[in-house]
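Chemist: Can you keep this structure in mind? I'll have questions shortly.
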Amino acid sequence: MKRFMKLTAVWTLWLSLTLGLLSPVHAAPDTSVSNKQNFSTDVIYQIFTDRFSDGNPANNPTGAAFDGSCTNLRLYCGGDWQGIINKINDGYLTGMGITAIWISQPVENIYSVINYSGVHNTAYHGYWARDFKKTNPAYGTMQDFKNLIDTAHAHNIKVIIDFAPNHTSPASSDDPSFAENGRLYDNGNLLGGYTNDTQNLFHHYGGTDFSTIENGIYKNLYDLADLNHNNSSVDVYLKDAIKMWLDLGVDGIRVDAVKHMPFGWQKSFMSTINNYKPVFNFGEWFLGVNEISPEYHQFANESGMSLLDFPFAQKARQVFRDNTDNMYGLKAMLEGSEVDYAQVNDQVTFIDNHDMERFHTSNGDRRKLEQALAFTLTSRGVPAIYYGSEQYMSGGNDPDNRARIPSFSTTTTAYQVIQKLAPLRKSNPAIAYGSTQERWINNDVIIYERKFGNNVAVVAINRNMNTPASITGLVTSLPQGSYNDVLGGILNGNTLTVGAGGAASNFTLAPGGTAVWQYTTDATAPINGNVGPMMAKAGVTITIDGRASARQGTVYFGTTAVTGADIVAWEDTQIQVKILRVPGGIYDIRVANAAGAASNIYDNFEVLTGDQVTVRFVINNATTALGQNVFLTGNVSELGNWDPNNAIGPMYNQVVYQYPTWYYDVSVPAGQTIEFKFLKKQGSTVTWEGGANRTFTTPTSGTATVNVNWQP
């Protein structure tokens, strides 16, 4: 992995459009359901499909795989796509303000019932795939899936699918009769199974002990048959499969287990999506409480996808649920994330999901959940609400955190908190795109401000359930006036009076009180809020959301201006523009309106050299001193443009190959002859291998392997 240097083009081409000479082409508003690249204005509702609503009992599994009472939470309970359709049509989701749903992986899963320690287990969760090009019949038919997409879109709801390309299903290297032997099918045609794997579709290095990143990538996750992404058949199959789901109209993809797949392959996978039909993508890289992982943030910044924001979730749980940290810890997390993430507003925030205990505990204080929901809905990032949170569902780890939703009440306070705050993401860009600043704090109280241009939202939370907080000396960016609590007092909030200079009148925040005050106004200058996708090749159309001007102006990649024909559409809240044929690398994006007023810089956009394929680079006999590692660089931006600081690595040497052989799977331009070399690094000391630059012609599709010896 690497961080690219920013490129500044040496040429500048100014685009000047005379008013009235060219009528502006209009894009959709940034809040539109058709905006598949930007979810900052959305609230996601995560649905475990089997546990939500049974809309069609006829498709329920039979026999030992099904428990209609949902007592055995490891069996199917009956939820399906028709059930989700019904809850869209009856207003349950739209009434809550939900504008995106994230559903279980829709692909066909194994049918076997597996006995683990005397307990029957099924693929109700959707993570035991057998055919990525067919649907799980327990969820519905392909027509049912299309109906779900159409119904959701008709109600202004986007659809995100879970997708797990890391593995197929449980398998045993010693027993081909166990479960379904991890078999993989291509639209019904068998490609192969885990045992007798003559085509090398899977990894066969045993189970991971999670000791290193390399160990987790190339060894099996538990007993799941780990797919070999360096196999051309697997690579092409998975990319064709995701194209099929994109063709069906999905708006986003949540990629499972990104920590456990080669990073280079995932970058080429994202390139395939972005070059085909760009949608919002985010991955799952689990982090525990206070766990620090530089690789986690590096992946978020360089892979082409966002991440589920586990540091956010874990800190919110510590502060609002467990009382193991205070508001200063919450502030530190928010401020640290501004540095750690290149684009913090793209990360998906949450307080619980199917991989952790539910936030709410049995007989716990409901106000804790309500405050955590308010915090998530008004904080930076894209909020995701786990199904049933609005009904105060509780439950420990898997499978207790995946129970059937008990009711669909629209009168719970939690439902109303979501209902009142979710619309702010579309009505106030400060919530969708704004910066975050702490305005008042002590151990139990935080007041923070979100600001985008002159749009402002101020949020106050007192987590102390027994003691009111006397708020004095609060200064905000709100104009002078009186502001009602957006929550309408349901969490004991109050009206805020603001005087000259943003100074708020002293007030008392009730025990357990939460209030939200907000102000919106028109922009006076362009301001960028979101760019998506954040990685693509020249010629791909990207979407810039924020506030600009109704009159078409100029978009810049670095100092290179886009010409008129390459500005596909222009509207006050959204611009669509084609990437110019500039050298591959990292660029700043900015917008200037017709009057010449310039926007803020949106940085870290990667222009790829071209279509991407994955190549495994292997170097033999590369002996190193203690603390020294081997890296790879070359003449394209994907290899660091010969800069040792941007070289790929450190390479691996433990699982697929062992020291002194090193290897790494890298995303490189397809169908091109590239130059490359290996080097050794220890701190700032760099030792290049000798000899001439190496060359390799990459394939136009599939994967390849380069295997060479170290040149002294």
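If you go along the chain as it appears here, the first residue is 1 and each next one adds 1.
Using the three backbone atoms N, Cα and C, a Cβ is placed for every residue, glycine included.
Annotations for this protein, taken from Swiss-Prot, read as follows:
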- 1-27: signal peptide (SIGNAL)
- N166, I217, D226, H260: Ca(2+) 2 binding site (BINDING)
- 166-229: region 'B' (REGION)
- 230-433: region 'A2' (REGION)
- D256: active site, nucleophile (ACT_SITE)
- E284: active site, proton donor (ACT_SITE)
- 434-522: region 'C' (REGION)
- 523-608: region 'D' (REGION)
- 526-606: domain 'IPT/TIG' (DOMAIN)
- 607-712: domain 'CBM20' (DOMAIN)
Chemist: How far is it from D256 (active site, nucleophile) to the residue listed as 'active site, proton donor', counting Cα to Cα, in Å?
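Modeler: Distance between the two Cα atoms comes out at 5 Å.
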Chemist: Which residues of the same chain, at least 6 positions away in sequence, have a Cβ lying under 8 Å from the Cβ of N166 (Ca(2+) 2 binding site)?
Modeler: L221, L224, D226, L227, D256, A257, H260, M261
Chemist: Averaged over the domain 'IPT/TIG' (526-606), what pLDDT does the predicted model reach?
Modeler: 92
Chemist: How far is it from the residue listed as 'active site, proton donor' to I217 (Ca(2+) 2 binding site), counting Cα to Cα, in Å?
Modeler: 14
Chemist: Using a 10 Å cut-off on Cβ-Cβ distances across all protein chains shown, tell me which of the recorded positions (D226, D256, E284) has the largest neighbour count.
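Modeler: Checking each of D226, D256, E284, the winner is D226.
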Chemist: May I have the list of same-chain residues other than N166, I217, D226, H260 whose Cβ is within 8 Å of the Cβ centroid of the recorded Ca(2+) 2 site, in sequence order?
Modeler: H167, H203, T208, G216, Y218, K219, N220, L221, L227, A257, K259, M261
Chemist: My understanding is the cutoff is Cβ-Cβ under 8 Å with a sequence separation of 6 or more in the same chain; which residues meet that for I217 (Ca(2+) 2 binding site)?
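Modeler: For I217 (Ca(2+) 2 binding site), the qualifying residues are K259, H260, M261, P262, V655.
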Chemist: Hey, what's the Cβ neighbour count for H260 (Ca(2+) 2 binding site) at 10 Å?
Modeler: 23
Chemist: Name the secondary structure element type, per DSSP in three states, that contains the residue listed as 'active site, nucleophile'.
Modeler: coil
